[in-house]
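S.K.: The structure is given below, and queries will be raised subsequently.
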Amino acid sequence: MAIFTLDQYLRGVIKNTKQSTNDLKLDSKNKNQKDFAIYVENHNGGIHRYHSQEEWLFVENGTCSIKLRNQILDLSAGNLVLIKAGQAFEIKEQTSETVVVKMRVKAIYDFEKELQNYMSLDNKENEILVTVKSLLAEKGYLFIKTSRLMKQSQLIENAINEYLNGDLFMASMMAGTFSQLLALSLRTQVFSQATGKSKKANFIGSDLDRYIDLHFADVKLAEAAEYFGFNQNYFSNLVKQKTGKSFVEHVDERRMQEARELLAQPNLSLKEIISRVGYSSKSFFYKKFSEYYGTTPALMREELFRQANINLK
């Protein structure tokens, strides 16, 4: 009987799923618990946007980015992010190798409550606690920047395996693992902050493309100008001057590229695709699509299905 690593198992879940949901709930052998769950991020394209219930995000393999409070977190294998309840976030830029796990376990382990209850007579420990509490309150998340070889990653994998195996006292074992994870992270001081772009960053070329790639569904000129450190009108004129295209044209181009990718997915309706790429008007989307591709979305979809040997009749 073949023995699979956790990474291989999770890749198999992603590869073999027939679900179109953005995240896939992992099955635990313990069928009695209903209060907490672990998910793996699907590779189904489109916008993966969430409203946190207090999430632990763990990158088991590959890389991805998270948009959170108008900041971008670039994550690699072994990185861990705790997102407070109520925070909106998006998971972006997954590669074919990426495996992202989301853990919603507040019912068995309340991170904030345990952090607030930490007491110490040691000045150094208190200094660390104050810093971490302030980071969580200010940012709404904690970025635990560890690698796959560090103990924190091993602890997270232990918690995931506990969940999957569903043995006796699973919840207690998982809670203890998360408690150990917190203490170890405080000791090693691996909490990091998002690396934002500096003012007057070089937005031309790859930087501008990457910004639009991350924000195309709800991008605003004013926010982009602020991100790059420019006055809105000056920024708009500069983009046109340097690239030959307006900011809106750059955004529309990226939206059209995304629309084509989504049209190849038979489980998505045209209405859903229009919303996902950032348009509110069907007629305006059709107009832009025709200008960019010289055909209609319906005809494009038929051709994409034909190329993929998809027959829905």
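Backbone N, Cα and C atoms are what each Cβ position is placed from, and that goes for glycine too.
What TrEMBL shows for this protein is this:
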type	residues	note
DOMAIN	206-303	domain 'HTH araC/xylS-type'
S.K.: Taking every residue in the domain 'HTH araC/xylS-type' (206-303), what is their average pLDDT?
M.R.: 89
S.K.: Would you mind splitting the domain 'HTH araC/xylS-type' (206-303) into helix, strand and coil residue counts from DSSP?
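M.R.: Counting residues per DSSP class in the domain 'HTH araC/xylS-type' (206-303), I get 73 helix, 0 strand, 25 coil.
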